[in-house]
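Among the features that TrEMBL reports, compositional bias 'Low complexity' is placed at 1-18, 251-263. The feature domain 'Major facilitator superfamily (MFS) profile' is assigned by TrEMBL to 45-465. Feature annotation from TrEMBL assigns region 'Disordered' to 1-33, 237-265. Look at TrEMBL and you will find 45-67, 79-100, 112-138, 168-190, 196-218, 286-305, 325-346, 376-396 tagged as transmembrane segment.
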Amino acid sequence: MESGGRSGLASAGGLASATPMPRQESGTGAEARARGPRAVGARRFLLCLYLVGFLDLFGVSMVVPLLSLHVKSLGASPTVAGIVGSSYGILQLFSSTLVGCWSDVVGRRSSLLVCILFSALGYLILGASTNVFLFALARVPVGIFKHTLSISRALLSDLVAEKERPLVIGQFNAASSVGFILGPMVGGYLTELDGGFYLTAFICFSVFILNAGLVWLFPWCEAQLCSAEKGLPASKHPAPWGRTDGHGQEASTPRRSPAGARPARPPWLEVASTLRDMKSLIFSEMWDIFAVRLLMAVAVMLYYSNFVLALEERFGVRPRAAGYLISYSSALGALAGLALGPLLRLYRHDGRAVLLHSSALTCLLLLLHATARSVAVAVLCSSLLAVSTAVGRTCITDLQLAAGGAQASGTVIGLGQSVTAVGRIIAPLLSGLAQEVSPCGPPSLGAALALMAIFIMSLNRARYGGGGGSDKLKKRE
């Protein structure tokens, strides 16, 4: 893990000239000596970000599996519980793009701290929820500000070279997935105690406060030096660090208005301007990327929507055993993030080809799962699906960032999260309709949607071959 981050962050440096003049040699030697400590600082910053991702999903996954049980214990009807549960996805749909764009304007540090602290407030209210109203109120700040992972990925994009970005994001996803594996185990144990849900929610609140402290203590000045090595012109620098970083503030230039000569405007006007500028890019050049993301997200959500119920109805697998299978699959998905480096080298860093092949494998496995006649085949499909979906998720994020450019990484990732939120709203409806036909209906429909995504990628293959599409899109900024 460390070597991948180190090579990506150190790769932006290089010799200024090949002419063997004494002054240039001495300057190059000093530059090489300085690059060693910078690589160490960069590695330390990456590890800090990985820890933030781990703690984020660790805290969330302690509480989320218990939400439906808690809201029912408060006396909510199934309809009310469903409405409250859907409110999170609806809030995420509208807030993801806005918060991502806001992080481009005000800086990663400020936006990370605000998002973590407001999410902590939501879980604190949840820990005090003794009625349905407080429970619903607790979901509001979490639904609006729970974008820690998205901003962290945008920050990784600011730090690393484009060639190393999929590897580093894959490692970040792996670290986060470990938290998602451990969290439900701890939450399941705590909830069996008296007042267990309230204790679990308070511990989640404490984890988020710890995360905020880590972000505050990050070595931001070292990260500024590493970002500067990427070679972005001063006028193009995304200023990801915020505007209150002490003596290192001069290392980043605030985001300029599109006209370039206008005076600085309030942050929300900058956000609105950025979204207007992105509109034509999204609908003319990036529509296929977001269409593929939506189709693949809904396909995978359909598979997991009735996973436990389908295993019980088709093969007689008990829910506890199905839960173990889900944890096992999550562990494989985390390992897939660590194996992304060798896979990318095998594909010569062609992320589009990796995405196409992983999507084809996902489609095949969904179809095989729908037609499986034994538990062994279902377990095999679940294992391989964890790997293919983890790889595909990382590659589609990298394609979005390559198309959107360095200036708007937060906005682009936020748009991707909004697309996923649309999938969370659509998938339960489609799953219910498909289950009316057969327990095998959801994965079968998922395979059909994945096939549509593969067809779209095949039609637009020329635009992303060899990175030409990325360059073309970046020139539009």
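Glycine too: its Cβ is placed from the backbone N, Cα and C atoms.
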PLDDT averaged over every residue in the domain 'Major facilitator superfamily (MFS) profile' (45-465): 82
Outside the transmembrane segment (79-100), six or more residues from its ends: residues with CB under 8 Å to it: 67-68, 71-72, 111, 115, 132, 135-136, 139-140, 142-147, 150-151, 154, 271, 275, 410-418, 421-422, 424-425
Distant-in-sequence neighbours of the transmembrane segment (325-346), which means Cβ under 8 A and at least six residues beyond its ends: 1, 4, 166-167, 170-175, 177-178, 180-181, 184-185, 307-308, 311, 317, 354, 379, 382-383, 385-387, 389-391, 394
Contact call for the transmembrane segment (376-396) against the transmembrane segment (168-190), three or more Cβ pairs under 8 Å: yes
Most Cβ pairs under 8 Å with the transmembrane segment (45-67), selected from 112-138, 168-190, 196-218, 286-305: 168-190
Distal contacts, the transmembrane segment (168-190) - CB-CB under 8 A, six or more residues away: 1, 4-5, 8, 46, 49-51, 53-63, 65-66, 149, 152-153, 156-157, 159-160, 196, 199-200, 203, 327, 330-331, 333-338, 340-341, 390-391, 393-394, 397-398
